[in-house]
């Protein structure tokens, strides 16, 4: 990185005081669910990573403590401990004043992930306990807060030291978060990603509750990142790396073409994942496609005015695109930093990629021709798949072939599509009960009788031959694959309803894999849900009854109940009659449903590859760590994974 100027008390600026964070936490961390809880961790970790970006930190240690607090340790410069111009010690300002930090201009940090002084103070505001130990200027200082940022122990000199760095420990406030327990796997994946983006940086994660430990350090991070994503895909090219700088914007890219049908392109700006893309990814795609088309034209592979389609040329592409942009140039669209808006990033990345790839294609003609051959094959497959999709669409208009849906879909009678719901139900038995128990005004039922094909292993043209897949596509009514149009869907909710067992979980995963690969906008626009049927029916002697949804609810019931009762454990949806199914699983007033969302595309890729791939041991381990047939929240983000 380029030189960084002084980082001391004078570099800390205050924009406004800390107000109303506890009253409206969603404004600062997005939500108070699992995602919001872990956002507290990312803010503290990202501060440490900014020290690494600036060239002062080589190791970050994260510890999940036994009391469910979390500790983040870095060996950076340490937070300045002198008096701030506001008359308070600088650490007190950083941790108790919103928008206080050293990253609002380019004096202390040339580029950083964001205004992380905000994060430190917000993390403090949403914690029962927050403590910082600072190693700087051969001295150790401590400062402590409690109950949402109230100063418990002023900045205090503790001892002398030769170390430098900062240690933060905080305990989230369980009166604010719906579930204040940290997820080891989620944190591990995020830390691994940070290590991959910062070559040489060592990051460790320890869980003192379950005695787990992982360590990440990569000497060639982006190359390793691409290897992770490519995994068992068949490569077409070697991994290509591009590193250059223009207009004070540093561009680092690693990419590889594979034989796979899907593309994976992830973008980062100053280490922040841009889940909605932005100017850097627009520039990357434009530069790459222009270089390949120009090469194909120069080599007489294509006719004069013929150009390969951008989608066909990106099929099978795996790429990581990172840019480091000075603070005075970086712009994001919206508050969440999910989309880069810096206009210079497009022109810089496009020119760097175009020049490099133009040279690479000429120097690697055999591989270049293979990339173009694959694009031409993708074009043929796209046309064949389109014809198959059109054939499926035409089923609706042909009486003699309308038997595909006959006896399967029981439609809703309501005309307002956004209010209608489609239940995808496991088996004929449950499908029959669902048809009888539904509210026909807005609920449609599609029983799934046969086997849903594994979308992770089959090409789209083969998927479209599967009868269950055809039925789902027809029922949803918005096309599939590249032709999918979210504005055409027939339902505001698509609800997967299966038995609460491993077979049911497998069907859920098959359907979610299909939606993720070929109707991703359904998940992005939060249209997909999973129904949670109860596990137990409790019947009392007076014939009154209640339903319990999981073991935890049963345990709570047993601790407080004083009446005699009989208990029924439901093994499947088919054991419930129509009235019971309506009362417990379909009535909007009583049911519990999970909304499926995507917040991290990399985790999504890994999850689907693990669950639907060939590695049995990896799949078993993932299920053991992540799959629980119980309810934690009425709405859980099952797939916490960037688009």
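Note that Cβ sites are derived from N, Cα and C of the backbone, with glycine treated the same way.
What Swiss-Prot lists as domain 'Toprim' is 420-534.
In the three-state DSSP scheme, residue 426 (Mg(2+) 1 binding site) is classed as strand. Around residue 426 (Mg(2+) 1 binding site), the C-beta neighbours below 8 angstroms that are at least 6 residues distant in the chain are 447, 448, 497, 498, 499, 503, 504, 507, 573. Feature annotation from Swiss-Prot assigns Mg(2+) 1 binding site to 426, 499.
The annotation site 'Interaction with DNA' is assigned in Swiss-Prot to 451 (among others) on the grounds of sequence analysis. Classification of residue 451 (site 'Interaction with DNA') by DSSP places it in coil, neither helical nor stranded.
The annotation site 'Interaction with DNA' is assigned in Swiss-Prot to 454 (among others).
Residues or ranges marked as Mg(2+) 2 binding site in Swiss-Prot (evidence: sequence analysis): 499, 501. Here the Cβ of residue 499 (Mg(2+) 1 binding site) has 21 other Cβ atoms within 10 Å, regardless of which shown protein chain they belong to.
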**Request:** Would you identify the secondary structure of residue 499 (Mg(2+) 1 binding site) according to DSSP, in three states?
**Result:** coil
**Rounded Cα-Cα span from residue 501 (Mg(2+) 2 binding site) to residue 451 (site 'Interaction with DNA'), Å** = 17
**Message:** Neighbour count first, Cβ atoms within 10 Å, every protein chain included; then name which of 451, 454, 501 tops the list of recorded positions.
**Reply:** 454
